[in-house]
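Single-structure report; data block below.
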Amino acid sequence: MGPFHIPVLAKEVTEFLKCAGEGIFVDCTLGGGGHSEAILKVTGPKSLVIGIDQDEEAIRFAFGRLGNYGKQFRAIKGNFKELESILEKEKIKEVDGILFDLGVSSHQFEEPSRGFSLKKSGPLDMRMDLSRKITAYDLINNLSEEELKNVIRSLGEEKWAGKIARAIVKSRNVKKISTTTELAEIISNIIPKSHWPVKIHPATRTFQALRIKINDEIQVLLPSLTAAHSRLKVGGRLCVISYHSLEDRIVKEFFTQKSRGCICPPKLPECRCHMKPTLKIINRKPVIASASEISENPRARSAKLRAGERI
């Protein structure tokens with residue numbers, strides 16, 4: 001198996017998480033263990049890194065990659081929405097650092113059989129957790145035109161959503177759409193070349209929308225951030241890497257709300273909710289990858305890293 005997951009902004013993550021000392025760190029999106037390995041390399045010998053991933057292939061690969069760290073590393077199959085229950089089972093009350101690297105791993109993109117690739121033909125799958133029942137094939141071939149349009153527009157922020165949905169329905173009425181390249185070609189033919197986005201495939205936003213819908217990515221994000229925040233000890237750090245504006249808006253608003261504290265309406269003359277700030281924002285502007293990192297790892301192109309410290 002080739003590289004499962006090339007970690008994005010790994011140096012920045014380890015610096016923001018303050019991994020140099022001893023502590024307990026949770027990598028909520030283990031992938032192939034790239035970020036976990038970066039943390040393990042710089043943290044103390046008494047530290048513990050817990051990696052969580054819903055992809056069984058990722059768990060197996062990470063064990064093979066990081067098994068030499070022994071008791072310092074634990075890999076657990078699960079969705080990061082289960083963070084609270086996972087830490088309960090591990091008998092851990094609070095942690096020193098938590099990382100979310102949202103989106104799809106490099107392996108999932110590159111492995112055609114997983115159904116995420118725009119350029120390599122594979123089944124329309126897109127499930128991060130293969131035990132899920134609904135696949136991209138089911139959505140593409142069963143949703144109504146209106147439902148498809150709404151998914152593509154709301155989760156992909158695709159302005160051509162209506163025409164794309166219409167073209168999909170027209171095509172599937174002739175023959176079921178079964179592969180990623182079939183779908184990508186249908187979308188590419190609908191969007192005029194003069195309107196193709198710069199540097200990304202014209203079907204990228206539609207594929208993003210389907211993937212988010214299938215894996216409930218937006219629905220689980222805010223509750224998971226809330227759980228992570230509650231499990232951080234004072235001085236602990238939370239790092240989140242997002243790859244599209246829907247995710248980043250949620251992360252930014254969460255950080256802002258926790259750093260502001262008061263949730264009273266602005267018109268009230270004084271605070272009545274008595275809520276205090278519980279998070280200090282480390283970087284007001286998100287950290288992005290350097291040109292050299294992007295050239296080595298194109299996945300880093302759209303990455304935005306935000307970090308906060310529990311107070």
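Cβ atoms are placed via backbone N, Cα and C, with glycine included.
Remember, TrEMBL labels are computer predictions, not curated facts.
Per TrEMBL, S-adenosyl-L-methionine binding site is recorded for G33, G34, H35, D53, F80, D101, Q108. Annotation note: D101 (S-adenosyl-L-methionine binding site) sits in a strand segment as assigned by DSSP. Taking all protein chains in view, 25 other C-beta atoms sit within 10 angstroms of the C-beta of D101 (S-adenosyl-L-methionine binding site).
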Query - Protein Cβ atoms within 10 Å of G34 (S-adenosyl-L-methionine binding site), excluding its own - result: 24
Query raised in the report: What kind of secondary structure is G33 (S-adenosyl-L-methionine binding site) part of, going by DSSP in three states?
Result: coil
Report summary line: Reduced DSSP state (H/G/I helix, E/B strand, rest coil) at D53 (S-adenosyl-L-methionine binding site) is strand
Query raised in the report: Including all protein chains displayed, how many Cβ atoms other than that of H35 (S-adenosyl-L-methionine binding site) lie within 10 Å of its Cβ?
Result: 28
